[in-house]
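> For reference, Swiss-Prot lists these features for the protein:
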| type | residues | note |
| --- | --- | --- |
| ACT_SITE | His139 | active site |
| ACT_SITE | Lys160 | active site |
| ACT_SITE | Asp178 | active site, proton acceptor |
| ACT_SITE | Arg244 | active site |
| BINDING | Gly154, Ala155, Ser156, Gly157, Val158, Gly159, Lys160, Ser161 | ATP binding site |
| BINDING | Ser161, Glu203 | Mg(2+) binding site |
| REGION | 265-270 | region 'Important for the catalytic mechanism of dephosphorylation' |
Amino acid sequence: MQPKVRTAEIVKQFNLKIVTGEEGLHRPILTADLCRPGLVLAGYYAYYPAERLQILGKTELTFFNNLTYEEQLERANVLCTDETPGILITRGFDVPEAIVKAADETNVPLLTTKGHTTSVESQITNFLEAELAPTTAMHGVLVDIYGVGVFIKGASGVGKSETALELVKRGHRLVADDSVEIRQTGDGILVGTAPKLIQHLLEIRGIGIIDVMTLFGAGAVRSHKKISLVCNLEIWDQAKVYDRVGLDQETLQIIDTEIPFLTIPVRPGRNLAVIIEVAAMNYRLKNMGINTAEEFAGRLAQAIEDGNGGL
């Protein structure tokens, strides 16, 4: 299902004043793109993106006010369609009577703000991009470890929440437990958050549900985090060969983004929190251009080439 935002949400978010068209506040906004309809006001009606929120600033209104009333009414009627989610007048300018009349007849929300046009456009676009971003929900835990968003996944009961608790005790920050809502806010950018119902909560078998912020303080949690690394916990399988060098980098596709993926086998005696902590630090090192596995492979190849028997 395609995400959508109602015009009423824009009004509330940016404290906009409603001039007319309150009955149309339920209209959906399906794109983050906005429109400054200068060509429509000039009389060119082809390719008018009526489904976008329309922004009228100083340039558009100055031109519009120089038209005859009949021309104003004609072009205002083109602006106001059944699918237009709203028309926003910026900089606190007076709303032309022709636009008020057309918006009132078609129930198009006519809004005003005192903000500058460019600033308002930028803020609304950023808000819509976040709200309309492709979204999915995944089972797991998201923790901020040294600034790296690590998504811990695995079968139920494998120890994800317990590992997250140990990480929080070691000074890292919990974002979400059990269910992580993930939005793709841009190319290659995934941001995870917790559903409001379970925000800051951890479920520990044998204890129950605990409030991490209450127990460990506000510094132990955060509301959202970009996902940079996925660690999959699985019960150790003796028949399976696990990566012992780290040359091959697997990835996991979430929505349309490929994220570095590590499989961490679980068995008694392995400190998962420390292992995941080191995985996050190693990820940061790789981003800084330091790849220990590749350096080792290079040294090994050089030693073999030199016939070094001291291996």
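Cβ atoms here come from the backbone N, Cα and C positions, even for glycine.
Note that the structure is a prediction, hence the values are computed from the model and not measured.
For each listed feature, how buried is it and what is near it?
In sequence order, Lys153, Ser156, Asp178, Ser179, Val180 make up the list of same-chain residues 6 or more apart from His139 (active site) whose Cβ falls under 8 Å from its Cβ.
Look at Lys160 (active site): DSSP puts it in a helix.
Other Cβ atoms within 10 Å of the Cβ of Asp178 (active site, proton acceptor), summed over all protein chains shown, number 17.
DSSP assigns Arg244 (active site) to coil, not to a helix or a strand.
Cβ neighbours of Val158 (ATP binding site) (same chain, under 8 Å, six or more residues apart in sequence): Leu233, Glu234, Ile235, Val266.
There are 22 other Cβ atoms within 10 Å of the Cβ belonging to Ser161 (ATP binding site).
Here the region 'Important for the catalytic mechanism of dephosphorylation' (265-270) has a mean pLDDT of 86 out of 100.
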> Which one is it, among the recorded positions Gly154, Glu203, Arg244, that lies nearest to Lys160 (active site) by Cα separation?
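Minimum Cα distance from Lys160 (active site) across Gly154, Glu203, Arg244 lands on Gly154.
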> Compute the centroid of the Cβ atoms of Gly154, Ala155, Ser156, Gly157, Val158, Gly159, Lys160, Ser161, then list the same-chain residues not in that set whose Cβ lies within 8 Å of it, in sequence order, for the ATP site.
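Here the non-site neighbours turn out to be Leu233.
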> Let's see if you can do this one: DSSP helix, strand and coil counts over the region 'Important for the catalytic mechanism of dephosphorylation' (265-270), in that order.
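Each residue of the region 'Important for the catalytic mechanism of dephosphorylation' (265-270) counted once, the result is 0 helix, 2 strand, 4 coil.
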> Among Ala155, Gly157, Lys160, Glu203, Arg244, the recorded positions in question, whose Cβ has the most other Cβ atoms within 10 Å in this structure?
Lys160
> In whole Å, how far is Gly154 (ATP binding site) from Arg244 (active site) when you measure between their Cα atoms?
20
